[in-house]
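According to TrEMBL, the protein carries these features:
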- Gly76, Val79, Asn83, Ser338, Asn370, Leu435, Asp438, Ser439: Na(+) binding site (BINDING)
- Cys181-Cys190: disulfide bond (DISULFID)
- 1-58: region 'Disordered' (REGION)
- 637-658: region 'Disordered' (REGION)
- 70-88: transmembrane segment (TRANSMEM)
- 100-121: transmembrane segment (TRANSMEM)
- 133-159: transmembrane segment (TRANSMEM)
- 255-276: transmembrane segment (TRANSMEM)
- 288-311: transmembrane segment (TRANSMEM)
- 331-352: transmembrane segment (TRANSMEM)
- 364-390: transmembrane segment (TRANSMEM)
- 410-437: transmembrane segment (TRANSMEM)
- 467-492: transmembrane segment (TRANSMEM)
- 498-520: transmembrane segment (TRANSMEM)
- 549-572: transmembrane segment (TRANSMEM)
- 592-613: transmembrane segment (TRANSMEM)
Amino acid sequence: MMSLPAEDGSTETSPLAPGENYGSPSNMDGPATTKTSKADEAADGNRLAAPSAPEDDLPERETWIGKLDFILALVGFSVGLGNVWRFPYLCYKNGGGAFLIPYFIFLLGAGIPTFFLEIALGQFMSLGGLKAWNICPLFSGIGMASMVIVSFLNMYYVMVMGWALHYFFASFTSELPWATCGNWWNTPRCIASDEEIRKSENSTVNSTLLNVTMTTVAPNATNENGTRIAASLEYWNNRVLQISGGLDQPGSMQWELILCLLLAWIIVYFCIFKGVKSTGRVVYFTALFPYVVLFILLVRGVTLDGAGIGLEFYLKPNITRLGDPEVWMDAGTQVFFSYSIGLGSLIALGSYNKFNNNCHRDAIVFACVNTGTSLLSGIVIFSVLGHMALQQDVTVAEVAESGPGLVFIVYPKAVTLMPLSPLWAILFFFMVLLLGLDSEFCGVEGFVTSCQDMYPHLLRRGHNREIFIAVVCFVKFLIGLAFCTQGGMYVFQLFDNYSASGMTLLWVTFFQAICIGWFYGLGDRVGWNFGGTKFYWDIKSMLGFRPILWIKICWMVVTPIMTMGIFIFSLVKYQRPTYNKTYEYPPWGEALGWLMALASMVMIPVGFVYKILTTKGTFSERIHTLLTPIYTKRKGDNGEMGEDGNAIAMTDGSENRP
């Protein structure tokens, strides 16, 4: 904070700290300065003291090399399988084109403002998702909650890459293994060709689909009505998963899945072990190549017979669906899922930007790319599903599916209907692999960055970072072995429903908006220069201009209302978890899921209590201290530390924190 001598011996403190030192103060049209006492100056001296000598010996914190590195990393991390396997289905399910109305309302009122908040916070503080909340120490539990969520996400999301690798390798054949019956994993009820489907005596409206979605019974269960089962479904259940009868039946390990999971973690490790300089190079391929495949599939999909049928189901508006509150909940949760909000990784990626990077422009570009990818994916998916429905003489509603059911059952079945089906299968699963890969390694990078900021003297020296990442990947691989058992799919769905669910993300996002919108800078506020207003001026110190006023209004009012509203509604509509709509999780399984959800959610209130109890002084002094920002000391473009560097001359304060 910039302290100026006054005539009465006190000091004047600029309310725009730390941003007021960027450029000339005369160019800033922020609030006026005010006087502070010598006691406040002494407190500031402790808070902003120069770091100890050993910190000067630390290697300089890395930054992105190319101008596109950051944007491509954002695209790679946030544009993933949710855009391909979740958005198209939700759009169809919730009124087609009419679903775009609540989607864009939540996007403009919560999604983009919160996304911009996270990357701007990381850039401003130059710290990862944990230490960045030194900006308001009372809310440091937000960082811990995000770390827990992203840790859970990294553990199970990589399993999707493992499944994709399995299908990718299995596609290198003249005849796809899920296109035929008569294999060791098939049952007498297996049916493969469309001609057989149409001739089958059990080929009714409900059974023609042959339970091709994820809502079928487990393969070892008795199917009393004798419904025939698609070969693609039997391959998924009986060959890939070899699924057991429930969560309490883990069964044996699947060595092929273990090897695929191990390979996935090895790929992730080599994408990030050298830091953002290597990550920035990798994302040029992992973020861009899926679009090449997507456009190839788009051209092929829209030229298939029946594509128009699928697109009509996808986009035909049904305005009456807007009266259903669940449509609005789906829209809100999809925005948070697809924009990867609340995980802390966006803050970590933003922390590698230079202080004056135009993150406002980056946020707009990313929003267009992310939403555009979702819409484009829907065209690709539903054009193929329309062809599939035409071939099987059923409605698109019966083949539309979301999640793993779309990627590993419906679409594999669809590619068998195309000429050169192995080629299309290879392209599709390679795209799925890349979509999962950059989301995974950017998530791991976010976790590692937070740990590195906690222990910079240890992890920023020598090869300690590479060793630490190897340990993290290996430990999470060992935990991931639970997904490689015959009961692994039940564990996977439990993680997916609770550990990184919409409920936990909404909880974290609500407190992020409240923290920045209302509590940031209250400890050293000057007039109304606190909360969203103060951060608004901080952003101007970075960018040289202020974003539109709507962004600040969202931080302070719109986003908290939207996130808490969806959160409460999700609790009201809560249902016990099931798998395949037939298997109901046992109470102990449901309890385990809630423990995973609460493991992150309780970090925020626990953080409040811990900070208040461990900070010195009276209660009011503690609150004052915990609402006073602890800024980051960073090196400027001129290579110097301090106020004459690239803006802010502060310390991260970890050594001086009471």
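Cβ coordinates come from backbone N, Cα and C, glycine included.
Heads up, TrEMBL stuff is auto-annotated, nobody curated it.
A contact between the transmembrane segment (498-520) and the transmembrane segment (100-121) is present, since 3 or more of their C-beta pairs, 6 or more residues apart, lie under 8 Å. Across the structure, Ser439 (Na(+) binding site) and Cys181 (disulfide bond) are spaced 35 Å apart at their Cα atoms.
Same-chain residues lying 6 or more positions outside the transmembrane segment (364-390) and placing a CB less than 8 Å from one of its CB atoms are 71, 74-75, 78-79, 83-85, 87-88, 91-92, 107, 111-112, 115, 291, 294, 297-298, 301-302, 304-315, 338-339, 396, 398-400, 406, 410-411, 413-415, 417. It is 592-613 that, among the stretches 70-88, 331-352, 467-492, 549-572, 592-613, forms the most Cβ pairs under 8 Å with the transmembrane segment (133-159).
Highlighted in sequence order, Val75, Phe77, Ser78, Gly80, Leu81, Gly82, Ala287, Ser340, Thr373 have their Cβ within 8 Å of the centre of the Cβ atoms of Gly76, Val79, Asn83, Ser338, Asn370, Leu435, Asp438, Ser439, the residues recorded for Na(+), and are not part of that set. Taking a C-beta cut-off of under 8 angstroms and a sequence separation of 6 or more, Gly76 (Na(+) binding site) has the following same-chain neighbours: Val283, Thr286, Ala287, Asp438, Ser439, Cys442. Tertiary proximity for the transmembrane segment (410-437) is limited to same-chain residues at least six positions away from its ends with a CB under 8 Å from its CB atoms, namely 79-81, 83-84, 157-158, 160-161, 164-165, 167-168, 171-176, 178-179, 194, 212-213, 230-232, 235-236, 264, 267-268, 271, 285-286, 289-290, 293-294, 296-297, 300, 304, 381, 384-385, 387-388, 391, 399-401. Within 10 Å of the C-beta of Leu435 (Na(+) binding site) there are 30 other C-beta atoms, taking all protein chains into account.
The transmembrane segment (255-276) makes no contact with the transmembrane segment (549-572), as judged by fewer than three Cβ pairs under 8 Å among residues 6 or more apart in sequence.
Once Cβ contacts within 10 Å are tallied over all protein chains shown, the recorded positions Val79, Cys181, Cys190 are led by Val79. Between the alpha carbons (Cα) of Cys181 (disulfide bond) and Val79 (Na(+) binding site) lies a span of roughly 36 Å. Cβ atoms under 8 Å from those of the transmembrane segment (331-352) belong to residues 61-64, 70, 73-74, 77-79, 82-83, 86-87, 90, 94, 99, 102-103, 105-107, 110-112, 114-115, 118-123, 125-130, 132, 143, 146-147, 149-150, 153, 276, 359, 370, 374, 439, 442-443, 445-447, 449-450, 500, 502, 504-506, 508-509, 512, 562-563, 566, 570 of the same chain, restricted to positions at least 6 beyond its ends. Within the set of binding-site residues Val79, Ser338, Asn370, Leu435, the entry lying nearest in space to Cys190 (disulfide bond) is Leu435 (CA atoms). Sequence-remote contacts of a segment are chain residues at least 6 beyond its ends whose Cβ falls under 8 Å from one of its Cβ atoms, and for the transmembrane segment (549-572) they are 106, 108-110, 113-114, 116-117, 325, 328-329, 332-333, 502-503, 506-507, 509-510, 513-514, 516-518, 531-533, 535-536.
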